[in-house]
Each structure stands twice: as structure tokens, then as C-alpha cells.
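Colleague: Pulled from TrEMBL, these are the listed features:
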type    : residues                                                       : note
BINDING : GLY178, GLU179, SER180, GLY181, ALA182, GLY183, LYS184, THR185 : ATP binding site
DOMAIN  : 30-79                                                          : domain 'Myosin N-terminal SH3-like'
DOMAIN  : 84-186                                                         : domain 'Myosin motor'
Amino acid sequence: MAPSTVKDGSFVSLEDPEGEVIEEACSTVTDGSFVWMEDPAEAWMDGEVIEVNGQDIKVRCSTGKTIVVKVSNTYPKDMEVPPSGVDDMTTLAYLHEPGVLQNLKSRYYIDEIYTYTGDILIAINPFKKLENLYNDHMIAHYKGVAFGALNPHPFAVADAAYRQMINEGISQSILVSGESGAGKTE
């Protein structure tokens, strides 16, 4: 089997003849780049690359700590994401675990518990009552509005499914999944 190359913008993944994946850093990680790296306490930590030395990079973390990590253990950070996150994660420049988790965390902290990934609605249990989230006014607010035109909400998903069923005669399904206690019954 010949080696294959897949380029995702920050890494080149190579498969050797035995199928083992070898990752090599592209030249996109330079001084001043912003990256994510794993952190045992927080899952992911962000920081700015202050020195590149082959496969090792020195990163000044947002916590103020400076660490040395392998380039292959980092992910690029999207610096265009607003502090409040984005409504639809398909607009993120990098759709990887740290970027997704940071976006969901940012939105959660401002009580924006719903986020789209395309036409998928992700919900995070706020573990508190959020006023005016599920009332007749909100139902009317989302009724007939194009999907994605308003903030993410289950009413938008329900309205889009209902309109497609009525207008196009196509059967619809809505899947609600999550762990016990995740807030599915809201």
C-alpha cells in the first residue's frame, strides 16, 4: 500500500505501508500562532506559540504558564470566534474537539444552551430554570421563520420539520438523545 496524504490545513497525515498514521507539522505553526493543547485539569488549554524548534514548540498559555509541547499534540485555534461563541459551529474555521468544546462552553456561560451544527441542534442542560425559553411567545416567534434565521432553539427545529412535512409531504423524524439527566424532557 502506497503512503497517502491528507492535508487539513495545519497537519499532513501520512499513512505508512502498514497503515500506521504518522503526523508531520506543516509550516503553518509559527511564532505568534494560537493553538490548543490537552490539559489534565481543563481538558484543553489555549496559548500563543512563542518559539518553534523543529517538532517542539514553546507556548505561552492563556493562564500565563509557559510550556513546551510537540506540534503534533496541538490544534490550531480559531481567533475569529467571538467571546460569546457562534450559533452554528459549521462556521468555525476548525471543527475539532477543543474548538467545539470552547464554543459550547462560551455559549453555556451566557445561558445560550442551544447551538447548531448544521441542521443538528445541540442542547446543554443549564441545571437551572431559564425564564421565557419555552412559552407561547417563543412558539410564535419561531413559527414560519427560516431555519437558522433566529437563535438556535428546539422550536426552530420543530417548525422546520413541520413546514417540510406540510409543504413537501415528506415524513419527518426528530431524534432526541443524551444521557440520563441531560435535560431531554425540557
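Note: Cβ is positioned from N, Cα and C throughout, glycine not excepted.
Automated prediction, rather than curation, is the source of TrEMBL annotations.
Could you place the listed features in the three-dimensional structure?
Modeller: Long-range C-beta contacts of LYS184 (ATP binding site), restricted to its own chain and to partners at least six residues apart, with a cutoff below 8 Å, comprise VAL176, SER177, GLY178.
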Colleague: Can you name every residue in this chain, apart from GLY178, GLU179, SER180, GLY181, ALA182, GLY183, LYS184, THR185, with its Cβ inside 8 Å of the center of the Cβ atoms of the recorded ATP site?
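Modeller: The surrounding set, listed in chain order, is ASN125.
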Colleague: Using DSSP with the three-state reduction, classify GLY183 (ATP binding site) as helix, strand or coil.
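Modeller: Going by the DSSP assignment, GLY183 (ATP binding site) belongs to neither helix nor strand, so it counts as coil.
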Colleague: Per DSSP, what is the helix/strand/coil residue tally across the domain 'Myosin N-terminal SH3-like' (30-79)?
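Modeller: Within the domain 'Myosin N-terminal SH3-like' (30-79) the tally stands at 3 helix, 31 strand, 16 coil.
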